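Swiss-Prot has this to say about the protein:
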- 30-41: compositional bias 'Acidic residues' (COMPBIAS)
- L65: leucine amide (MOD_RES)
- 24-44: region 'Disordered' (REGION)
- 1-22: signal peptide (SIGNAL)
Amino acid sequence: MAFLKKSLFLVLFLGLVSLSICEEEKRETEEEENDQEEDDKSEEKRFLGLLPSIVSGAVSLVKKLG
């Protein structure tokens, strides 16, 4: 009977460790996805911030040529 208890505790412990590792990997993956989304948003903001100066430069170039 003691052998069965030890085996059961060992199985439960290993299952708990495995579950903990899976949860940690899942959390890391979610953090990486969030970081990627934030990077994409900041790049979009930078591009949109430059857009007015690009447009005004193009307009002034067209005025000089036309």
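For all residues, glycine too, the Cβ spot is worked out from N, Cα and C.
Distant neighbours of the signal peptide (1-22): none; no residue of the same chain at least 6 beyond its ends has a Cβ under 8 Å from one of its Cβ atoms. The residue listed as 'leucine amide' falls within a helix when secondary structure is assigned with DSSP. As a summary of secondary structure, the region 'Disordered' (24-44) carries 21 helix, 0 strand, 0 coil according to DSSP.
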